[in-house]
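> TrEMBL feature annotations, pasted as is:
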- 145-284: domain 'ABC transporter' (DOMAIN)
- 7-26: transmembrane segment (TRANSMEM)
- 80-103: transmembrane segment (TRANSMEM)
Amino acid sequence: MNENIETASMVSTIFLLVLYFINFLYQTLRSESDLTALCLSGPACFAVSTNNFAIFEEGQLGIQWDNMDQVYNYFRFQTAIYMMIIDCIIYTILALSLCFLLFDTNYAYVYERVDENVIGKPVITVENLRKEYSTGFNTQLIAVDGVNLKMYENQVFCLLGHNGAGKTTTISMLSGMTSISGGRAILDGFDVVNNMLDIRKEMGVCPQHDVLWPNLSVEEHLRLFARLKGVTADKVEAEVNDMVQRIGLLEKRAKFPTELSGGQKRKLSLGIALIGGSKIVFLDV
């Protein structure tokens, strides 16, 4: 990819220089028609017109509306204006023609549906998911408008969008923190609307902003959420010990959130989402 970009940059630079060097023919041309033809090269036309402009300035005349059509050295300044406009049109047509003739303009839209026998059945299926908020003026604000997607086991699914696109709202609906206005969502065979308690046993959520208790240490946070996820009492300590190592907070396990840096707090939030063998993890970053 980088090689293609470097090649394109090199070729475009050489092409620009070639067009500019045509300007040196200016001294050898002795007819207005030849100079007009020279102006089919945009950079050369700009250079010739600049030269005429400088000459008029040296004569303390300047380029005015009433002298733009005066011929000097077989060239009119207004010709340069017209020709540069024509050049813009010609170059635009050439660029678009090359794009359509030499390149596949639909490459960004070409996709191939992967056989589910290869990637397995989807763990999350979302169909026409909607979220509407009442504005209080008999109108509805649509935060999520008919989202359809599938997420598969052992894969990372990245949901991208600009601020306010509805990413956090979508995650909130899938994790049961916000009610669904329309559509349906199935997580590992369970319906989000009717079976959220079953879903929460195998789901973890790392929210956009850390939700930590200042009076609980790192290991106490992990211990609490391990029990909430259904980890039996005899396995909790093993889960906590494993998780503090995995998230790199072994030396901070007894520290409170107020004693952690911003990055360490995010690590703890991630550990909370992962602990208990979460099968589905939502990371809102």
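Heads up, the Cβ atoms here are built off N, Cα and C, so glycines get one too.
A description of the local structural setting of each listed feature is requested, covering burial, neighbours and distances.
Looking at the domain 'ABC transporter' (145-284) alone, the prediction's average pLDDT is 91.
Sequence-distant contacts of the transmembrane segment (80-103) (same chain, at least 6 residues past either end, Cβ-Cβ under 8 Å): 36, 39-42, 45-46, 48-49, 52, 68.
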